[in-house]
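What follows is a set of notes on a single structure, which appears directly below.
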Amino acid sequence: MENGNHKQVPDNANEHCPGTESEDAGKSDACAGCPNQEACASAPKGPDPDLVTIAERMATVKHKILILSGKGGVGKSTFSAQLSFALADMDFQVGLLDIDICGPSIPKMLGLEGQEIHQSNLGWSPVYVDSIGVMSIGFMLPDPDDAVIWRGPRKNGIIKQFLKDVYWGELDFLVVDAPPGTSDEHISIVQFLKETGIDGAIIVTTPQQVSLIDVRKEVSFCKKVGIPVLGVVENMSGLSQSLSDFKYLKNGKEDVTESVMAVLREKAPELLDLLACSEVFDSSRGGAARMCVEMGVPFLGKVPLDPKLCKAAEEGRSCFAGECQVSASALSAIITKLLKNNKIE
């Protein structure tokens, strides 16, 4: 991404690109028609005095992890929330920052809808649940149904405020839940945090190619901006559900669940403890595991599509309380591998 003059120049930039940090970025004649023009025009330029304040705030944060996805709807925010719950259960001090400005899901997934941000002499105070400090634009909307219709510069401004004006205190982990893609929010969070040390990014995907195509772009983004990929998580990797949790239909219409369950209880009660597993998305081309081998990044593991995990996320609860045995076990293995691979204690 750097040229011989040490300008930051994207690989797909036009000839005579002024560089992403130039005052002319996105505005000069050379930028016309460049695919990066809008992002460069709205990104912060030149030395930023607020970066000093951000560095001071982040000095008390040991580890910073970005949660990314190429495609929306793959369960990235669910993973961010459950990762935060898991780390808190391990007695780590955790902060969760939601920078998905247009679609903030974190307040819902941590059971914090309707909460508001408060200010003290130290700055904005995160909203807390189970010792996890949470910050999201969702706490600032007068009505949860209000749309956030902002261009890049205003998005960049609120992300900067979350970093420089929020008093996070002493944290072991700051988990950053980013929107899908590689746009303004991603460029901003990297620029604002890079000098403070970002441990890396976890990328969440589903098994099918339509998702993996975009995840490859996300991996490429991380490599271009110098953010280590800590690993890829394949979410919704097949449906896993106990037989007793299924609904049974005759001819696709008539609900015969009660009669089927009665027969199972009488004739084969041992079957009620079995898990039924089914592939939901096509993974015949190897899914995320194969992509990781091809792109040279770690594969952290698979999380099945678990209705009980979905319910826990909808209700803002941790899946590690005992109800979501299948998904909780998979998530625990992934988090253990993440900490071990990166020597985080």
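Backbone N, Cα and C atoms are what each Cβ position is placed from, and that goes for glycine too.
Here is what TrEMBL records for this protein:
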type	residues	note
BINDING	Cys17, Cys31, Cys34, Cys40	[4Fe-4S] cluster binding site
BINDING	Gly70, Lys71, Gly72, Gly73, Val74, Gly75, Lys76, Ser77	ATP binding site
REGION	1-28	region 'Disordered'
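Sorting the binding-site residues Cys17, Cys31, Cys40 by the number of other Cβ atoms within 10 Å puts Cys40 first.
Considering only the binding-site residues Cys17, Cys31, Cys34, the residue whose Cα is spatially closest to the Cα of Gly73 (ATP binding site) is Cys34. When the neighbouring Cβ atoms lying within 10 Å are counted for each of the binding-site residues (Gly70, Gly72, Gly73, Gly75), the highest count belongs to Gly70.
Of all Cβ atoms in the shown protein chains, 23 besides its own fall within 10 Å of the Cβ of Val74 (ATP binding site).
Counting other CB atoms no more than 10 Å from each candidate's CB, the binding-site residues Lys71, Lys76 peak at Lys76. The Cβ of Ser77 (ATP binding site) has 27 other Cβ atoms within 10 Å, all protein chains considered.
Distance between Cα atoms for Lys76 (ATP binding site) and Cys31 ([4Fe-4S] cluster binding site): 33 Å, as a whole number. Taking the mean position of the Cβ atoms of Gly70, Lys71, Gly72, Gly73, Val74, Gly75, Lys76, Ser77 as the ATP site, the remaining residues of that chain whose Cβ falls within 8 Å of it are Ser69, Pro180, Val204, Thr205, Thr206, Ser211, Asn235.
Cα of Cys31 ([4Fe-4S] cluster binding site) to Cα of Gly72 (ATP binding site): a distance of 29 Å. Cα spacing between Cys17 ([4Fe-4S] cluster binding site) and Gly75 (ATP binding site): 36 Å, rounded to the nearest whole number. Here the Cα atom of Lys71 (ATP binding site) is found 23 Å from that of Cys34 ([4Fe-4S] cluster binding site).
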